[in-house]
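Feature annotations, courtesy of TrEMBL:
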type: DOMAIN; residues: 211-275; note: domain 'Phosphatidic acid phosphatase type 2/haloperoxidase'
type: TRANSMEM; residues: 20-36; note: transmembrane segment
type: TRANSMEM; residues: 66-84; note: transmembrane segment
type: TRANSMEM; residues: 134-153; note: transmembrane segment
type: TRANSMEM; residues: 165-184; note: transmembrane segment
type: TRANSMEM; residues: 204-229; note: transmembrane segment
type: TRANSMEM; residues: 236-257; note: transmembrane segment
type: TRANSMEM; residues: 263-281; note: transmembrane segment
Amino acid sequence: MSSSVILKTLHWPKGSKTTLLRLCLVAIILYVLIAPDRPAHYSYLLLVGAFWNIEPDRLTVSWQSFLKIGIPLVIFPILMWQYFPPVWNDIVYWQLGTRVHLLDLDALFKSIPGNNGWMFRVIKTPWLTAYFRWIYANGFTLPVLIPIFRSFWAKDSLKMIRYSLSAHILQFLLIFPFYLTIHVNEVWYVLGQPDGMARNLSPAQAAVVVVNCFPSMHTSISFAMLLLAWREKDKLFRWVWTIFCLSIIYSTLYLEIHWVTDVIGGLLLALVTVKLGDWLIHRIALREENKPLNSKSLRDLKLTQ
């Protein structure tokens, strides 16, 4: 029997790919448990929750046809996070040095009863503080990147586009006018409290870091990803992402980063971007469907409706 015939007769047993994936995920869990710097590897546990039961969301398309669009879609957010932060920092410095905000809302936000989020810090322990610091530090990228990687493994390019659109692409465009016109500093800075993230900022650093609070982009990013995650079939992923994303929102209040009004603004921004992303995808899909139709076929289509 030739080697080519032997290769053709070899097939993965049913379910073996899923079993192999789960064995790899179990190995990741064990690694996190024995790793010397355990908190630095907690993000791997999110990968386990995201990929453990991915099969219900996997599309039955060939890798060959999917990778043509899947590879650019998975590379885009990686490149974005590699090169965009310095650009954003330059924008912030320009904003502080050359622009005068139309509205300074520090005094107003401080005067609103309960707006400093004191009720979210009634229970405060060292382990909760450590947990929420880790959550906040990773709450701007992981809520987006992991669902995009998960959608890549599920061979679903439309979901990759939807996650990217509803996150930083649309949100940067929509939130920037607020940051240009409204001046709001972080809660701890306004109240004269210690920095909840213990960043040991100098006055010059703080002047850059504590601005651009309304609306809360940590909130808008995480809530948009939570809304999209609930469209997935995998219940485990839905609940893992619910806990993770709600923890991000809570961390902004627990650590005295954002005002309650910032969070409310972030929730509304998330709703707008998800709806806007759906609308854009729908419009593009309609245009692509109608592109090959000539005027005669369009008339025929109307007659059949």
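Indices start at 1 and increase along the chain as displayed.
Each Cβ is built from the backbone N, Cα and C atoms, and glycine gets one as well.
Those TrEMBL annotations? Automatic predictions, nothing curated.
In terms of C-beta pairs under 8 Å, the stretch of 66-84, 165-184, 263-281 lying closest in packing to the transmembrane segment (134-153) is 66-84. Among residues of the same chain six or more beyond the transmembrane segment (204-229), those with a C-beta under 8 A of the stretch's C-beta atoms are 89, 92-93, 95-96, 105, 109, 136, 139-140, 143-144, 147, 159, 162-163, 166-168, 171, 175, 178-179, 182-186, 189, 237-238, 241-242, 244-246, 248-249, 251-252, 257-259, 261-271, 273-274. For the transmembrane segment (236-257), the list of distant contacts is 46, 49-50, 52-54, 57, 116-117, 120-121, 124, 128-129, 131-133, 135-136, 139, 142-143, 147, 150, 186-188, 191, 193, 196-197, 213, 216, 218-219, 221-223, 225-226, 229-230, 263, 266: same-chain residues at least six beyond its ends, Cβ to Cβ under 8 Å. Counting same-chain residues at least six beyond the ends of the transmembrane segment (165-184), those with a Cβ under 8 angstroms from any Cβ of the stretch are 77, 80, 84, 95, 99, 101-106, 109, 143-144, 211-215, 217, 220-221, 224-225, 227-228, 259, 262, 265, 269-270, 272-274, 276-277, 280-281. Within its own chain, the transmembrane segment (66-84) is flanked in space by residues 59, 141, 144-145, 148-149, 152, 155, 157, 160-161, 164, 168, which lie at least six positions past its ends and keep a Cβ under 8 Å from the stretch. Per DSSP, the secondary structure of the domain 'Phosphatidic acid phosphatase type 2/haloperoxidase' (211-275) breaks down as 49 helix, 0 strand, 16 coil.
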